Amino acid sequence: MDKKQATAMIKSKAHELGFMFCGVSRAQKLETEARRLEDWLNKNRNGEMQWMENHFEKRIDPTKLVPGSKSVVSVAMNYFNGQNRQPADSPKISKYAYGRDYHKVLKKRLKQLFQFINEEIGEVEGRFFVDSAPVMDKAWAKRSGLGWQGKNTNLISPKVGSFFFLGELIIDLDLEYDGEIKDFCGTCTRCLDACPTGALNPERPYEIEANRCISYYTIELKGSLPDGLNDQFENWMFGCDICQDVCPWNRKSIPHDEPDFNPKSDLLEMTAADWQNLTKDVFDEIFAGSPVKRTGFDGLKRNIQYVAESTGARSDFKNS
Ligand code: SF4
Ligand code: SF4
């Protein structure tokens, strides 16, 4: 089978499996991205996320991660939940975490795609990844033409915006490669202007200070949250969608049709008072199999308390 036909079959199967987009790039060292990542790590932008410093060589070169690999197949799965939202005054959870843990959902589908290639195209060696190993998923999705990396550092599709998960297959099969698309951010600075903690800075577009991001504070940071930032959290208790919600390209978002990403109805009915009184039993019930488990019951309680202590006023902390 020639590579054009093999590539078309893989993309068609990916769509059949529920992936919104599928693109392919040559497995090779990410030279430019490697320099940027090194610089970013040297500035300690990763905060306590020490794991980002591990396996640097494998992170920037898929042929070191999967010896003999020739292609990186990038896939995207929609998680935009439309009007399925929490009550307006409840502490907020990032849209990606409303349903079942995406790692499980995407891995299962990628495994099926991998099996399909082996059965229908030919025996291949490789691995599949969903945030599970040192793979620069946005860089690969960008190279595969799934979108451009915006000033908020998210991958943005000109067709549907940025509310989607990414995953990759790295395999030793030669395929037809896609190219990058244009950056459509233009003169827009909405995400940079809206970021309440200064993790995005108008003077440094396309770069995130992850250690100042609400997602980092509410999910990754162990111990206490920083003094005096309560107002800046704008009631986000798990993750933050501000820089995506303000992005004009997300007006193109369309609701997903993946049952696994639907929230439990209890989650959408929880009021601010219910969150204040959250018990371990209710946490376990609402978040069974959810990404929110990552922060744990104690972590979420910490976050709920923190945003509840907000005075509702924003200080001048931003971009200080
Ligand atoms: S997720 Fe929120 S805090 Fe983080 S960069 Fe975006 S707007 Fe800023
Ligand atoms: S808000 Fe504007 S600048 Fe930011 S990612 Fe979207 S288009 Fe680009």
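Here the Cβ of each residue, glycine as well, is placed from N, Cα and C on the backbone.
Going by what TrEMBL states, the cob(II)alamin site holds Arg59, Asp131, Asn152, Leu155, Leu166, Cys240, Asp241, and the candidate of Ser90, Ser215, Ser224, Ser265 recorded there is Ser215. [4Fe-4S] cluster 1 binding, as stated in TrEMBL, involves Cys185, Cys188, Cys191; the candidate among Cys213, Cys247 given for that site is Cys247. Separation of the C-alpha atoms of Asp241 (cob(II)alamin binding site) and Cys195 ([4Fe-4S] cluster 2 binding site): 10 Å, rounded to the nearest whole number.
Look at Cys195 ([4Fe-4S] cluster 2 binding site): DSSP puts it in coil.
Sequence-distant contacts of Lys222 (tRNA binding site), defined by Cβ-Cβ distance under 8 angstroms and a gap of at least six in the same chain, are Glu48. For the binding-site residues shown (Cys213, Cys240), fewest C-beta neighbours within 10 angstroms: Cys213.
When DSSP labels each residue, the domain '4Fe-4S ferredoxin-type' (173-205) comes out as 5 helix, 0 strand, 28 coil, counted as helix, strand and coil in that order. With respect to ligand 2, the binding-site residues Arg59, Leu155, Leu166, Cys213, Ser215, Asp241 contribute no residue with a C-beta closer than 6 angstroms to one of its atoms.
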